[in-house]
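A.B. asks: Can you keep this structure in mind? I'll have questions shortly.
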Ligand code: NAP
């Protein structure tokens, strides 16, 4: 159980992040739900968690790509909750396009949110984790970062970078009892993949388990890694076998 623990979940307002929030809250954790624009969704989720579970849940608007804003965010969360025990870097965006036509801004924005966003959050929690000599970080990468995806040069680069970041942080912080792991989802049914689901595009045939995944299935893996004291630097695929 996570009673008395505090988790920060970025991108917690929708999709996989919302499932992670519910999963951690169901285990008794207090949760800080970080969102970019979906204030109503984030606040509704917090109200649901407060009604159903024992911990508290508070929504915070923050662009994780903004280093200074994340610094202020973590200070605010620490003030409200006392400390942070679990950090889940889940916020992410896609701006797909063929490499030959990809705009510089599309490359930069996806790297800024999906990779630098995780760095910013880890950077501004690290001091707290080091002082308290514990902390669990889970980064939400993607199979795109493991095997590459055509049309996603920016996203694959960011998600591969996130795996490198995970392993470097894992090695650096392990001596202080802090873990850092990643999950690598395949195709999960959320807003991000809305255009893919329901299409007869050969996608399902490429997934050994023959279906897209559900956000809750990723949340289970995140909760497992967030509470596994002797696992660090791991990348756990939750992908129906597509990147086997
Ligand atoms: P989603 O439904 O599009 O939700 C994205 C979440 O990220 C939202 O909560 C959004 O907040 C938040 N977000 C976006 N930009 C942000 C920013 N700059 N600062 C703070 N929060 C920001 O996506 P999802 O499918 O649940 O994906 C969640 C994570 O899983 C992402 O990292 C994604 O790359 C990864 N992933 C997804 C799949 C998949 O198949 N769906 C597969 C592999 C990996 P707002 O609601 O406020 O906009």
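Along the chain as shown, residues are numbered 1 onward.
Any Cβ shown, glycine's included, is placed from N, Cα and C.
So TrEMBL lists these for the protein:
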ACT_SITE  155  active site, proton acceptor
BINDING   11, 12, 13, 14, 90, 155, 156, 157, 158, 159, 188  NADP(+) binding site
DOMAIN    5-186  domain 'Ketoreductase'
A.B. asks: Measuring Cα to Cα, how many angstrom lie between residue 188 (NADP(+) binding site) and the residue listed as 'active site, proton acceptor'?
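C.D. replies: Just about 16 Å between their Cα atoms.
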A.B. asks: Reduced to three states, what secondary structure does DSSP give residue 156 (NADP(+) binding site)?
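C.D. replies: Reduced to three states, the DSSP call for residue 156 (NADP(+) binding site) is helix.
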A.B. asks: Got a sec? Which of 11, 13, 90, 155, 156, 188, the recorded positions, have CB under 6 Å of any ligand 1 atom?
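C.D. replies: 11, 13, 90, 188, by Cβ distance under 6 Å.
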A.B. asks: Near the Cβ of residue 11 (NADP(+) binding site), how many other Cβ atoms are there if near means within 10 Å?
C.D. replies: 28
A.B. asks: C-alpha of residue 11 (NADP(+) binding site) to C-alpha of residue 155 (active site, proton acceptor): distance in Å?
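C.D. replies: It is 16 Å, counting Cα to Cα.
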A.B. asks: Does residue 158 (NADP(+) binding site) have same-chain partners at least 6 apart in sequence with Cβ under 8 Å from its own Cβ, and which are they?
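C.D. replies: Spatial neighbours, sequence-distant, of residue 158 (NADP(+) binding site): 92, 110, 111, 113, 114, 115, 145.
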A.B. asks: Count the Cβ atoms, other than its own, that fall within 10 Å of the Cβ of residue 90 (NADP(+) binding site), considering every protein chain shown.
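C.D. replies: Neighbour count, Cβ to Cβ under the 10 Å cut-off: 29.
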A.B. asks: These are the binding-site residues: 13, 156. Which one scores highest on other Cβ atoms within 10 Å?
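C.D. replies: Max Cβ neighbours within 10 Å, all protein chains included: 13.
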A.B. asks: Largest pairwise Cα distance, Å, within the listed NADP(+) binders 11, 12, 13, 14, 90, 155, 156, 157, 158, 159, 188?
C.D. replies: 25
A.B. asks: Considering every residue in the domain 'Ketoreductase' (5-186), what is the mean pLDDT value?
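C.D. replies: That region's mean pLDDT is 98.
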